[in-house]
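Reviewing the structure listed below.
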Amino acid sequence: MKNAADLYFSLLQGFINSLGDSTQESKLRYVQSFKWTDTLQGHVPSAQQDAVFELISMGFNVALWYTKYASRLAGKENITEDEAKEVHRSLKTAAGIFKHLKESHIPKLLTPPEKGQDLEARLIDAYVIQCQAEAQEVTIARAIELKHAPGLIAALAYETASFYQKADHTLSSLEPAYSAKWRKYLHLKMCFYTAYAYCYHGQTLLASDKCGEAIRSLQEAEKLYAEAEALCKEYGETKGPGPTAKPSGHLFFRKLGSLVKNTLDKCQRENGFIYFQKIPTEAPQLELKANYGLVEPVPFEFPPMSAHWTPEALAAFDLTKRPKDDSVKPKPEDEVKPVKEPDIKPQKDTGCSVS
């Protein structure tokens, strides 16, 4: 996948940059119209007569491929440690591509993306943040498996919940007709990982002999977990673009419900036999900061122009035959049918869904 994409990107550079000087614009930049559909806006494509638009759109879809590849790997029945690392790496790679497109290439478009289109700033930001959040889910699962300190797990969960909350806020000004489903998913994940944070924070408090506060923290985890369960149902019933994950049926989701209940029962028994502490009326404030395990996007750059671009190759293009009508506004009959992806779908529901 990477080799094929890099080959196309390097060839496309010849339509954007002039030979021998990457700061100068190629005379071929505007000779061809390119059309791409947008994730949230149905099957009528956006179009621009601009090779930069093609470069960005291809990069965007390569990033989406990495998210789908991560989902497929995460959906295997018995995922290995190496496969978990690949999931983690793929999501960070996707985040890096989205970030690079926003910072270095989308500003070069002569026609800025319209509201709700894939290349619009709010959507790109949401993709970057969600990729980081879902990569951190892998980190949390690993930390739990290796029985790291509850304080570290609580902090990672809290940071992850904050990512989901930030992504949801980024989409808050979009039209509900095509953002409601995505936002519902982000909200339920925020509730879920906040519940995780309160659960493991409760374990930390108990270890510090603060049993009353631990009980209140676990009660808050129980409340948030119930809210996440309710949101899972609402999410499944919400209409909108994109696939529908089923996080409530995922083992990682169900395990938290049992963990919260068992830990709360333990705290209440300990308080009844040993501590006799008063249970606070207010939940403890989570002021947790993870010093390890935080995800940053992998830096990304497009490959340089292909060596196949020579003065002779460039001279072979006859610009007098370019279309006279530069209008590229798509027509209703230009609707593009969805492409099936039988070889990239996960074998089972992972509870995660970026694209």
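Backbone N, Cα and C define each Cβ position, glycine as well.
Of the listed segments 71-98, 99-126, 211-238, 267-294, TrEMBL assigns coiled coil to 211-238.
Listed by sequence, the residues of this chain that lie at least six past the ends of the coiled coil (211-238) yet keep a Cβ under 8 A from its Cβ atoms are 180-181, 184-185, 187-188, 191-192, 194-199, 201-203, 205, 244, 246-248, 253, 256-257, 260-261, 263-264, 267-268, 270-271, 274-275, 277-284. Across the domain 'BRO1' (33-355), the model assigns an average pLDDT of 88.
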